[in-house]
Amino acid sequence: MLTTLLPLLPLLLPGWALCSQEASDGPWDLHMTQVSYFRNPSQVWHRGNATLGGVLTHVLEGPGRNVSIQQLQPLQEPDSWALTKIYLNRYLEEFVGLVQVVHQERGVTFPLIIRCFLGCELPPEGSEARVFFEVAVNGSSFVNFQPKTASWVAEPHAPSRVVTYTVDQLNKYNRTRYELREFLQDTCVQYIQKHITTNNLKGSQTGRSYTSLVLGVLVGCFIVTGVAVGIFLCTGGRRRC
């Protein structure tokens, strides 16, 4: 169930993480972030949003099982959006359950904040697109993805056996390396080229819808989180993974 629902996570980003909520003349971009604050194993507050070309498209905020989820752009029909919200809430329940299991197994120290920030930016014609996936734990940079080598690396200031173990695990699987790079460099960039540059964000869209893209192509991306979140949580504990 967790793997099935992970693709929905990119719809969630913290409001304070936005640089702008209006379209600009700068690089086109698709930015996604997810933040979960755990006061203790049973109390969590989720915040999130997504922006496309600087336009806020989705927001989420709330505690535990009482999360408010809103679609700010008419990207899904009411029936479809209602189903998406069900999946999102179900995912959040699974996410909290996972943290509780890891706490039981590893003795995690609370409070705990996990933040993932990823996306792609399309600069003026002729320049290479910028893609990124960054993970922070308790406000400190933890690991990031290097698309040129399709590999994860530890942040320079965070050397530890836990971080080393995490990087080793993430670099073991094609899904967390090459499939992620394909999403960031190809699917994400192509989506921006196809939809934002043709001014399709608020109008009718050709090809696959925004929702189909988000729920489909981010599977590989957020399976990364599924594989790694338990490892990330260990950084808040006193035991070695």
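Quick reminder: no glycine exception, Cβ is built from N, Cα and C everywhere.
Each of Cys116, Cys188 is a candidate, yet Swiss-Prot gives the disulfide link of Cys120 to Cys188.
Highest Cβ count within 10 Å among the glycosylation sites Asn49, Asn138: Asn49. Taking the Cα of Asn138 (N-linked glycosylation site) as the reference point, the closest of the recorded positions Asn49, Asn66, Cys120, Cys188 is Asn49.
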